[in-house]
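First comes the structure, then the notes that go with it.
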Amino acid sequence: MENHSMATATPENKDSFATSGNADDKQSKAFVNNNEKGGIKTMPFILVNEICEKLAMVGFSKNMVNYLTQQLHMPLTKAANTVTNFNGTSSLTPLLGAFIADSYAGKFWTITVATAIYLAGMIVLTLSAALPQLRPPPCAGDQVCQEANGSQTAVLYLSLLFAALGSGGIRPCVAAFGAEQFVEEDPTQPKKTWVFFNWYYFALGASILLASTVLVYIQDNVGWSWGLGIPTLAMALSIIVFLIGYPLYRNLDPAGSPYTRVLQVSVAAFRKRKIPLISDPKFLYVNEELDASISTDGLLHHTKQLKFLDNAAIVTEEDSLKSSEKPNFWILNTVHRVEELKSILRMLPIWAAGILFATSSAQQNTFSLQQANTMERHLTKSFVIPSASMSVFGMLSMLVTIVLYDRLLVRVARRITGLERGINFLQRMAIGFFIAIIATMVAGFVEVKRKHAASASGLIDSPESTIPISVFWLVPQYSLHGIAEAFMVIGHLEFFYNQAPESMRSTATALFWTSISVGDYTSTLLVTLVHKYSDWLPNRNLNEGKLEYFYWLLTLLQALNIVYYLICAKFYTFKPLSHKTEHVEGVELTTQV
């Protein structure tokens, strides 16, 4: 490398980017004061926001197919696609919310404004259910139902758009904001955050359970205006509660746009693509002070994967690196910033594995619900189980699994593996993938049983008639999906938070939601293609279709997906932290974490 001048910001020359002593003192005091805040006392204020968001989202989406088909008279496949498109969009907008939170507004203000936007959407949605002119006239019996007109559909989509935008600010920030309230003694072995994620998801499950029972019952038996008005009021209350907790929160300032840093590294690596790679990483550009605001847990250690990106950290004569100036990040970047991009890229294959899991789970709110509509749902002569409330069995199994996992499985596994968390998140996700395959396969066999009962009773051509088979035949598929979710979804969420660069944790949490988004859109695509090219998914009479074939198609796709996931997990490189600096009696120590 004779033609290139290499420079490294080592302890000997890093003073050139050091701030003044007064600035360091102020920053140190601010850090200490911030660490005095946070902790378990902030959890009620933070979790109540997410609980209310889930009450609103689930209270409508769980029963949304029934609302669209019975109140707006949409065809079944169109209603199913509307549900998955709405869920997909709500899981895609977190990318925007994460960008705003990490770059400009911070998590607290992003959550506050997003909750207000969500509230506006819920108000419009409640009005559309309460005002007769905003929905088509009711129909009964064999009467041909009038589908919602353009203006009525527009009001619906407007309310869904506001709700999706609000979710975009809440979903990526609440989990990350809650985890930031706990200061870990050792960032490589986070004890508090993985416990937080278990109980964070437990709180979500409890709110989903409430929405799937109480709210769904109110919607089916009292009215949609009350069924949507109650979560709207809860959403308004959540803003007040969240703001009351402001003095207690540990607020971390946004560290600048992570998207910009990712783009800068990409551009710098492309500009220097013709430069031969350096074999010894110690000659790559490192500057601890320059990266201080984005590396409070420690600098990211150089890794051997994706070496072509290392060119962004090679110092050349053309870089004109001066002692008094920061480098031009579009030309030269530190190793830490290069490793930030590498960390995100290494996460993408694991991210992609979650797509088909979300596709499979999406059927619980669409076709499984339609199955329940055709089955015997009487508990007593007067009490009928709302079809959307069948998801309560999934929530109960998930909640029980979370408690058993946290209180029993972790302790048993800890003795075997020696890990504080029992098993790592990749192993946890693999268990969830496997159980989800069984759940979808079982759903196909239950559909065969349901149609056999319809045929034996001569009800194949009577879609409005109740088939003499108990709705509790659906419990196994709902329960298995709940158990799978307790393993896979929580493991997936923890994976993104743990393995993402610390300055990109909102963005990483948004990646978790985008896998669900792509899964919902994949469901829409599959349903559309299968409906177009086969007779498996009819619009009006599920008895005449072959829903079991659709479930088994998903089973096959998930089986292929778990093979792909196991290969990705086998070769995954965990995020390495390096050079965590401590000060002991005036001596600076640099340790390997």
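Cβ coordinates are placed from backbone N, Cα and C, and glycine is handled just like the others.
Note: TrEMBL annotation is automatic and uncurated.
Annotated features, as they stand in TrEMBL:
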COMPBIAS  1-22  compositional bias 'Polar residues'
REGION    1-25  region 'Disordered'
TRANSMEM  108-134  transmembrane segment
TRANSMEM  154-178  transmembrane segment
TRANSMEM  199-218  transmembrane segment
TRANSMEM  224-249  transmembrane segment
TRANSMEM  383-405  transmembrane segment
TRANSMEM  425-446  transmembrane segment
TRANSMEM  509-529  transmembrane segment
TRANSMEM  549-567  transmembrane segment
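Counting Cβ pairs under 8 Å to the transmembrane segment (425-446), the stretch among 383-405, 509-529, 549-567 with the most such contacts is 549-567. With pairs at least 6 apart in sequence, the transmembrane segment (549-567) and the transmembrane segment (383-405) have fewer than 3 Cβ pairs within the 8 Å limit; the two do not touch. The stretch from 108-134, 224-249, 509-529 with the most CB pairs below 8 A to the transmembrane segment (199-218) is 224-249. In summary, the transmembrane segment (224-249) does not lie against the transmembrane segment (549-567): fewer than three C-beta pairs, each 6 or more positions apart in sequence, are under 8 Å.
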